[in-house]
Every structure is written in structure tokens, then in C-alpha cells.
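*Asks:* Below is a structure I'd like to ask you about.
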């Protein structure tokens, strides 16, 4: 009888082990599926946003980039506010203390978006993605002087390759436009400044919130809400009002559909990037972001019939690979530290 009971117990224990393994495998598959799905969603939204903006600015020949940015941010504010109102997400209330702390970062944020619009108007998508690599160089130098953070030789080698690819890409660019390059260089400095300033301001901003925290949704609402009055001021300074009052584009329903879609895509980038980061890690996110530039550049060349040469194409892909090498070098540097 004891032997029979022992056998029954062994059988039951075996069944339990099989069930536990089955549950663990299912959970593992679910985690991998969520990571894959979030990564795909992030790649699609980030690529689509740049391509749609390029389409609006170039194919429609829309000459009011600040107004486009303003409308996109307005769409983001409306959507996030509605989600917060219906309890789908939670956001921090915009207090006067929080606004005072965040305003310097927001000025840089608005400048970053505006210069991005201006550069995309004159440059092709592939060259914009390669030139954006210069931001990594400026950020690395800023980290060294501001945060006393030192990088290893692999990171500096990758950064040097990025500079070489940007210079060679500009020299061989058949559609070279000095104005576009000037705006993109300014954009690189502003993007690096935003990244470096955000790290210093985040801790201070958390101290003045009611919950002591500041999540991605609250940052999206805060940044986009504060950008509206600054955007309106820039629209008046750059005299886009006269253009908006005369352009026939605002009478086209399809144009409104496209720019509204761009607003939703801008919001989708914020949400999908947060989702992807939650499912994976910062290093994976960085690597996927670098790899994502390759299909984006190819799509930009073919969709907009960009005149190019073998030398320019080689420079572009050299820069894209340098971006991937930089992400890998940062991953290795982080694992060693």
C-alpha cells in the first residue's frame, strides 16, 4: 500500500512539474510576444512620423513647419487629456511650481521640434538620419564635461565614424542645401542639450509633484501643453499667419487628415517607446533605434525619389552602421561598468 501511495505521489508531483513548466513556457512566450509586438509598434510609429512629416513639408510643399508642430502638439494634448479624464491613464496636475521648473527644458524641446521641421523641409530623410548621429557626439562630450562621465575607446571610435560619415555624406549629397544643413546642426545641439538638461531637471521636477513621480504620460502632457503658447509666439515671430491665411492647403480635407495622423503618430512614438522600454531594456531600445534608421533611410530615398550617387549611398549606410556600432559599444560599456 505504501508503495502504491508513493507511486501515486510521484505521478501527482510529475504532473505538477509538467504543469509548472507549461505555465512558465507560456509566460515566457507571452513576454517574448509582447516585446516583439512593442518593438514593431515603436519602429512603425517612429518611421511613419518622419515620413509623414517629410510628405507634408515636401510633397504638399507646406511652408509653415512651426504651425505643423503646434497642431501636432495640440492633438497630443487633447488625446492625453481625454485619456486622463476617462481614467485610462493617470497624469500629474500641472502646478505653477512644476511649470517653473520645467519651462527651461520645454524651451529647448520646442526649439528641437521646430529645427527638426525646418531641416526636414530641405534635406532628404536618409541624410537627416545620418546627421542626427552628430547628436551622440555632442551628448558624449557634454556628459564628459557636465557629469564627469568617461567613455571607452570603442565608444569614441564609433563617434569618430559618425563624424566621418556625416562629413562624407554632406560632400557627396547631390541635393545639398546649406540652409537645411544649418538647421540640422542647430537641431543636433538642441537635441543633445535637451537630453543633458532633462537628466538634471527630472529629479527637481519629481520633488515638486504631488506623487513624487513624473511618468512618461505626465511628461508628454507637460511638454506639449507648455509648447502651445511658445509655438504661437514663434508662429507670429516667423510670420506664418500670412502664409496660413492664403494657402489653399487648409481647404483640403485630405491635408487635415494627414496632419492629424501625424499628430497621432507623434503621440504613438511616446507611448510605444515607453511600452517597448518596459518590455525590454534601455540597451535593446537603443540598438533597435539604431537599426530602425536603416529601413527608414531606404524608404526615404525610394518614396521621395531622392537623387543619389554610389558615394553618397555608401556614406549614408556607413553612418547607419556606425550608429549600430555605437549602440553596441554603449551596451558593452554599460555591462562592464
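Each Cβ is built from the backbone N, Cα and C atoms, and glycine gets one as well.
This is the feature table in TrEMBL:
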- 35-57: transmembrane segment (TRANSMEM)
- 38-325: domain 'Sugar phosphate transporter' (DOMAIN)
- 69-89: transmembrane segment (TRANSMEM)
- 101-120: transmembrane segment (TRANSMEM)
- 126-148: transmembrane segment (TRANSMEM)
- 155-175: transmembrane segment (TRANSMEM)
- 181-198: transmembrane segment (TRANSMEM)
- 219-238: transmembrane segment (TRANSMEM)
- 254-277: transmembrane segment (TRANSMEM)
- 284-306: transmembrane segment (TRANSMEM)
- 312-329: transmembrane segment (TRANSMEM)
*Asks:* At a threshold of under 8 Å on Cβ distances, which of 155-175, 181-198, 219-238, 254-277, 312-329 pairs most often with the transmembrane segment (126-148)?
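*Replies:* Comparing 155-175, 181-198, 219-238, 254-277, 312-329 against the transmembrane segment (126-148), the winner is 181-198.
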*Asks:* Given a Cβ distance threshold of under 8 angstroms, which distant residues of the chain, six or more beyond its ends, lie next to the transmembrane segment (101-120)?
*Replies:* 50, 53-54, 57, 65-66, 68-69, 73, 128, 131, 179-181, 183-184, 186-187, 190-191, 193-194, 197-198, 201, 204-205, 208, 222-223, 226-227, 230-231, 234
*Asks:* Need one number: mean pLDDT over the domain 'Sugar phosphate transporter' (38-325).
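*Replies:* Mean pLDDT for the domain 'Sugar phosphate transporter' (38-325): 86.
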*Asks:* Is it true that the transmembrane segment (312-329) and the transmembrane segment (155-175) have 3 or more CB pairs under 8 Å, sequence gap of 6 or more?
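*Replies:* Taking Cβ pairs at least 6 residues apart, the transmembrane segment (155-175) and the transmembrane segment (312-329) are in contact, with 3 or more under 8 Å.
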*Asks:* Residue list, the transmembrane segment (181-198) vs rest of chain: Cβ under 8 Å, 6 or more residues beyond ends.
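*Replies:* Distant contacts of the transmembrane segment (181-198): 104-105, 108-109, 111-112, 115-116, 118-119, 122-123, 128, 131-132, 134-135, 138-139, 142-143, 146, 170.
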*Asks:* At least three Cβ pairs under 8 Å linking the transmembrane segment (35-57) and the transmembrane segment (219-238), pairs spaced 6 or more in sequence?
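*Replies:* Touching, no - the transmembrane segment (35-57) and the transmembrane segment (219-238) miss the threshold of 3 or more Cβ pairs under 8 Å.
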*Asks:* Under a Cβ pair cut-off of under 8 Å, which of the recorded stretches 69-89, 155-175, 219-238 contacts the transmembrane segment (254-277) most often?
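*Replies:* Selected stretch: 69-89, with the most Cβ pairs under 8 Å.
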*Asks:* Grab the same-chain neighbours of the transmembrane segment (155-175) for me: Cβ-Cβ under 8 Å, and only residues 6 or more beyond its ends, written as numbers and ranges.
*Replies:* 123-124, 127, 130-131, 133-134, 136-137, 140, 181, 306-309, 311-312, 315-316, 318-319, 322-323, 325-326, 329-330, 333
